[in-house]
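Structure first, then comments.
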Amino acid sequence: MATLSQPQSALPKTKIATTFGLSKDLKSPISVKVCYLECTRNNVSLVPLSTKFEDPTVFKKLSQIYKNSDLFVEIRVYDGKNNNLISTPVRTSYKAFNNKGRTWNQQLKLNIDYNQISIDAYLKFSICEIIDTKPSVFGVSYLSLFSHDSSTLRSGSHKIPVFMEDDPQYSKNIQYGTLIGLTDLEKRLIDYENGKYPRLNWLDKMVLPKVDATFLKTNNKDHDYYLYIELPQFEFPIVYSDIIYQIPTIEPITETTSKIPPDDTLNSNIIINSIDIPMATSHDPSIMKVYDPDFHITANNHLNPNATTFDPVELKYRKLERNIDNNTILDKELKPTPQLRDELLRIMIKPSNAESTDNEKNLIWKFRYYFSKNNSGNDPSNKSVKSFLPKFLRSINWENDYELDHTFKEIIPFYWNVDKLQIGDALELLGDYFNPYTLGKPTYQDDSMTSKSSKMKSDEKRFIKIYNNVCFLRKLAVERLKLANSEELLLYLLQLVQALKYEALIYEKSPPFCERSDQIEDNASSTLKSPLADFLIERAVENEKLGNFFYWYVKVENEDQLNNPHIDGPIKIYMDILNRYIELLKAHCHENRLPYYKHLKHQIWFIKKLTSLVELLRASFKKNEATAKKVEYLREYLANSGNELLKFPEPFPLPLDPSVMICGCYPEESSVFKSSLAPLKITLKTIEKKKHGHATSQLFGKRSRYGKYPLMFKIGDDLRQDQLVIQIIDLMDQLLKNENLDLKLTPYKILATSPISGLIQFVPNETLDSILSKTYPTSVTYSGGGETSDGPPSVSNNGILNYLRLHSQEQQSEEPISKSILSTNTSQSNTEIPVLPRQPKPTITSDLGVSPILMDNYVKSCAGYCVITYILGVGDRHLDNLLLSPNGKFWHADFGYILGRDPKPFPPLMKLPIQVIDGMGGLHHENYNVFKSYCFITYTTLRKNSNLILNLFQLMLDANIPDIQFDPSRVIEKVQEKFCLQMTEEEAILHFQNLINDSVNAFLPVVIDRLHSLAQYWRA
């Protein structure tokens, strides 16, 4: 903020003080409120009725049919000088329009601050609609952020014209001065809305209707559409200002030394080229200079502004500290003291994206033999070597030939093989850090003080070494993945598909030299020949279940890259991989007479049929029409055998769950959800697998038994974030089962079939809101022995408790023991999964009138989801997305907000309503103590596997997932904070105990739940 004083006139000496702010000091993200879209034409030309019947394809573009069809606005910030995109786009959420017009009234915030933009920056508003499940531009608008007339930031309401074609030529007509097109009446109305005129209620009631009528008569019709937006208003006008950096000047090095006269009387030392040499007297003819090969590197860094500056003393210390010839023999026998061991353990638990200090790197280097000799990737109790290899590889200097040769010729070959590498470390080696173009980046700076030919030769030799070593590490990681069985590999497949982006950056990119070196293997020419791509395609072709999910994961990423060309990275990698997979799958199935390729074609046909069905429903019915009519239409459509959905031409595996074969659907059990997107609930007809030993099939021929599989198909939402959360929950469930801890979780299945559509498994459930509001018969209400008889009314009459009592008779037998699909020993990874010992009998008490089996399911699942949702930072928790199944299993749904994001103010760290505790008997019941014990065991178990979970999130940083892209730099940090890795196990348990107490006793979440229930009631 600045204050400028000016004389008002020449005669009087009074001054006017003007206060304003500077844009360089405004560290606030750019925000825009999208208000509404105005149509200046009275009669919008729509497609006539005859054309609708002649050409059904016109229904794809709803703006040709409905005057107020669905649209959304996408905002980008561009640099006006070069028209370069300088921010990631943000878009409005779905909004149901009425007959009055298209109104959003949504506030959008971009990921760029005001102090980061130039005076020529402008906003581009892309108004889009969905055509064939893909965004299509309806019109574009432009607005400059600064006015060049006054060099001030624009604020308040603005009316901007809409161009009906996305032509880059329109960006040349951006108005940087006073905006053209606003009438005097519109300017005054905007000034009135911005608060420049006082508001008088009695006068406004009389004048505003007449102003609106006059406004309609004098409406500007230069354009068919105008977009109204609002920019934030600040207390002071914001004047553009930029920071001017001074170019530092460095005096020649020789001048500083020549000014120091030699002292003949002192036997002193001087430093020549960073080496301490005894100084002889000036009369001594034996004076000599010693050449230091590192001196020209540090000196050239001062002359090259693009080079990274290093302290020459630190560089020399590092070289002497890691002199291979001097300390290799001593380092082999080094063992850390207890204090150093604790320090090293603290370094090991740091997340992979955390940069280690020089002292920490030197410690890792010093005790490299100690960790390498005692490594055992399959020993979970050996914490000291956990994640050592990636930490060690991050601590070496990749530009130092000695350290590289020592690492890849002695340490890794003799001490680290595939069996000793953990799966989490293998995933880390496939990340973006191990890239030769970034590890060797400082090497390729221009150096004017050395010979070009010698420098190119040295750089080429060094790059080839780095490149081959990185390729070796990635091959080592892939070899470790080959030891995993297909079920375990499926747990990491989503991240491995993302890792293909990093493979493409290495294998598709040409080296920084013109000619290809013979020392670089030929697999550098194509992503398809990368070890990871080759391995995934090979396993996907051989295993139908793995291939099913591999196809859909790659297909969605391919469509996302094609629809978002601004995303960095090679755009054809997923297209090439997809085509290669289909080609090899077709050949493999033809050679071995397998139905995998035919099943894949049927799955694609099935998804296209569902997509066309949703589009037909949306085109046939208005949004506000009764859901019953849509349901009736859906059932008639499904029952029509001509549509081929009642009975499929051939059975095929369900894309959502390939272990289920589907052959048709049940129309009467299908429905349409009451939602603006009109998602479908389809109950599919499944073919159940026959059990061995049935003689009837041999005597009377084949007789299939049929089952039911309800699912939801949704268009309009990106399900990849929910898909990621469910995958992490499924992984955590397997990690817990690997420790013989089955918490009865319900990781229902989700599969994104495109960036805006997908399938969701429909699990029978009821929301806690409906359970708590129901009235149960007196026969269910229990007041027998135990704590409930004389406990508080909130416990004895708890709706959850009554719900469990009501369903206690339905499940009297225990569920079979669920085994983990994770390999406890790599030698058994491709064989049968080891059988876990039988779990002990549940310690759940049955004095509440509930079956011990249901209460066991309820308490365990509550504990599991309590810990998991806390670690993942799941937000927007209310009683409508906390669910309970008839088998007593408690679970969460709708993961639209994760990593600490929440639309409500002051969200709790953990969602644990008191009603959930009352459902297990209350705070003073023994079941509550059992619940807390399960929470503590779950939390400590997942903390031990934090490295694997963090590495999975590390591979997802470049995925187009909303809550990850919101702040990708802090994703790993947010998850790591929840693990509290800096605490001991006892401290972590105490921390979680405090979290439970705070959540149970919290008052604000109870109020918000009541308000949410009230809002849902009035909305219904």
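Even glycines carry a Cβ here, placed using N, Cα and C.
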Range among 276-297, 386-407, 738-759, 892-913 that Swiss-Prot annotates as region 'Activation loop': 892-913
Range annotated as region 'Catalytic loop' in Swiss-Prot, from 144-152, 441-449, 873-881: 873-881
Listed range which Swiss-Prot flags as region 'G-loop', given the options 469-475, 504-510, 658-664, 672-678: 672-678
Secondary structure tally of the region 'Activation loop' (892-913) (DSSP, helix then strand then coil): 0 helix, 1 strand, 21 coil
Sequence-remote partners of the region 'Activation loop' (892-913) [C-beta within less than 8 Å, at least six residues beyond its ends]: 721-722, 725-726, 748, 768, 865-866, 869-870, 872-877, 879, 881-883, 963-964, 966, 971, 974-975, 995-996, 998-1000, 1002, 1004-1006, 1008-1009
Beyond the flanks of the region 'G-loop' (672-678) by 6 or more, those residues with Cβ under 8 Å of it: 94, 96, 614, 617-618, 621, 623, 627, 630-631, 634, 712, 714-717
Confidence summary for the region 'G-loop' (672-678), mean pLDDT rounded: 83
